[in-house]
Structures are given as C-alpha cells and as structure tokens.
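Per TrEMBL, the features are:
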- 13-34: transmembrane segment (TRANSMEM)
- 90-108: transmembrane segment (TRANSMEM)
- 129-156: transmembrane segment (TRANSMEM)
- 162-191: transmembrane segment (TRANSMEM)
- 203-221: transmembrane segment (TRANSMEM)
- 334-356: transmembrane segment (TRANSMEM)
- 363-385: transmembrane segment (TRANSMEM)
- 391-408: transmembrane segment (TRANSMEM)
Amino acid sequence: MKSMNFLYDKRKIVMRLSFVLWLVIQVFLVIKYWNLPQYSDAKLYMDSAMECYMGGQWYPNIHQLNSQQYLFNPGFINFLILELKVFGTFMYHGIIGIVLNLILLASVRKIIEELVNDEASDYATILYCLMYSNMISSIPVMSDLFFTCLLFGSLALLRPKYIWLVLSSMIMCYANYTRPLLVIFVASILFYMYFKNFGWKRIVVYSISYFVFSTGLSLIISSNTAAKDASGSTLGVNLIMGANDHMNGTVNDEVFKKGDIGYIEKNTNVYQKDSIWKSHAIQWIAQHPVKYVSYVPIKMTRLWWGDNYMDLPLNNLATSNTSLYSKLELCKRAFRIVGFSLFYYIIFFLMLIGLWKLRKKIWGYWGVFVLPIILACGMHCVLYGGMRYHYSYVPIMILYATIGLMSFKDKKLLFLTKKKF
C-alpha cells in the first residue's frame, strides 16, 4: 500500500511540475512575442478582422467576398473581431491563447479520465505539456488552437443530461463554423453515445439541437455578413493545391500563377472561385490519376512528420516556396523541425504501441476514437498534407499514447476493464 501511495504521489508531483513548467514557458513566450508582427495565415486573419472592425462589420464583408481567394476560417475571424471590439487591439491575444490552451488541456483531462481513469488523465497531462506545439500554440493568431479547444470542449461536455447535450451541440456548431470538419467526427460522436448507452432519445436531441443551432447561425450570418450561410469555401482551393502539375504534397502557390489551372481572372467571388477550382482539379485528376495517387505517401509524410508549425508564423518561416532556400538552409529547417518534434515522436510511438495493444478491441468501442484520424488521413490524401493539420487530432494521439505508456506496467490492460461500456 505504501508503495502504491508513493507511486501515486510521485505521479502527481511530476504531473504538477510539468503543468507549472508548461504554463511558465507560455508566459515567457507571450512576453517574448508581445505585440510583434505575425506572418503567413496569422497576418491574413488579423488583416481580415481589422478591416471588418474598422468598417463596423462582421466577416466577410462585400469587399472580402469579391477580393479574397476564399473565406478564411470565418468563425475564428469573427472571434478576432469580437476581440478587437473588447480590447481594440490584438496585443492581448497571447493571454487569450493561454486561457484557450488551459481549457483544451482541462477538456483532454476530463475526456481521458472519463474513458480510462484518473491515473491516465495525469499521464495525458504530462504528455500534453511536453509537446512543443502545445507550448507555443497560444502565441500565434491562428485558428488551430481555437478550433481544437471548441471541438474537445464540446466533447468533454457530452453527457447524458439534456442541458449538457444542448450545450455540447451548440459549441460543436460554432467549431464547425470555424473549420467544417464535423463530418470527420460525427460518426465517432454517435458511436460513443451508442456505446455509452445514451439512448436514442438523447442522440435525437443532440442531432436536433445541432441542426437548430446550425440553422440559426446561418440565418445570423446571412443577415449580418456578405456570406450566404455558415458553410465555408475552402474545398476548391484545398483540392487544386493537391492536384496540379506543380504539386509537392503540401501548400504550393505555383498553381495560381497566370497560365496555370488555378489562375482565375478578377471579378469572381469566393464561391465562384471555389466552384472553378473544384472543376479544374477534378479534370486534372482525371487526366493524371497515376501522378495524383503517387503523391499520397508524400501527403501523409507532410501531415505527420513534424510538430513545429506553430512558431513559423511568428518567425516568417511559413512559406511553401522552398526554392527560396539553399540546400544548407533547407537542412537547417529540417533539423529544426526534428529537434522541436522529439516529444511528438515519442508520443507518436507510444500511440502506435497503444493501438497495437488494443488491436483485438479496435473493431469495437476502442476503435471509435481512431475514426477521426483515419478519416483525416483520407481527406488529406485527397487534398494535401501539412503538419499544422494534425494538431486537431493530437488529443486523440495522446489518448492512445497514454494507454501505450500505461501498458508498460500493465501488459494485460486491466486498467481498461474497470470501465463498463
């Protein structure tokens, strides 16, 4: 008994120290990057939000609808506009980011404690706090943390009481408005509710609530912005970047130059561009099926190979045009990615161990949470890869990595048998 208490205390101490160190690092980074310029997508988000704020509008306005390439994560940009209405500046976004990161960590802890046990939630906290992307994600003005916080915050609130079901569906609705990825998670949500014996009435209540909130949000958007509804317009641009003569498995702007299939004359709005790009991409795929399929491994490598995208918008390194760099500079960037991704690689390895240990149960309850990762891989095989896009699936990775870690001392996974499903 004393030995068990010692291990318990030791685990708690390591968890708390990891958390405190993680929090201190974030505060240090907020101070380091306080009010400094940001680049890449972060700058686009900030510029779009500022334009609407200065005009007393919400995103997108008429000018943006007709001038931008596509709608940039509208749920996030409207959150930034609200931030400007409250503070009048983006100066405090790092502090807001830390709060979002704390909410996300609390959600991950709650979910894993519910699925496994308190011990697992402690190990998950340690793993979460060791990842570089989770240390720096609060600093850049990017949609990744905001979306992931909403997504897993919604899942943490998924409980049998009707009030929680309604609240969960409302948050999920806005998460989908930020990034239209509900299709990747909907099967897992419904299977989870089934395995947890929520009953068909609660599943119906959740579904109807989501539909009501989604309809209401679309009406609000169509009344207060230039957009026609809550849907985005990014499928076309994402598809054509992964299906063109210059494709490299990730973001590549070459396709949009004059004379290429992605080039579009002016006087077209974001919806027209989306339709044109989808049409051109499908035609290209039909003409080059072998080349298109041959890039699937490269896209998957681009998606999972590193974990330091979050600091690139802070240092003006987030460019896909690798021709700007010498071979030496490219090697330095590669070493930089690998160096900052060491704990990510450990978590990835532990996740594989966890999945292997659960292989006999993967077709049942424990396979429910793998579905989003499988579907995400499928989506990026069709579109293109990029290491920022695995960020939203990191909590799922941590779930299975935690099980993999705990399997070293409990090879039969007896700690999972205590949960009834």
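Glycine is no exception: its Cβ is also placed from the backbone N, Cα and C atoms.
Automatic prediction, not curation, is the source of TrEMBL annotations.
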Distant-in-sequence neighbours of the transmembrane segment (90-108), which means Cβ under 8 A and at least six residues beyond its ends: 19, 23, 26-27, 29-30, 33-35, 46, 80, 83-84, 124-125, 128-129, 134, 137-139, 141, 145-146, 148-149, 152-153, 155-156, 395, 398
Other parts of the chain folded back onto the transmembrane segment (391-408), taken as Cβ under 8 Å at six or more residues beyond its ends: 104, 107-108, 111-112, 115-116, 119-120, 123-124, 127-128, 131, 133-134, 137, 144-145, 147-148, 151-152, 179, 181, 309-310, 347-358, 369-370, 372-373, 376, 415-416
Which of 13-34, 129-156, 162-191, 334-356 contacts the transmembrane segment (203-221) most, counting Cβ pairs under 8 Å: 162-191
Same-chain residues at least 6 beyond the ends of the transmembrane segment (334-356) whose Cβ lies under 8 Å from its Cβ atoms: 127, 130-133, 304-308, 311, 362, 370, 387, 397-405, 407
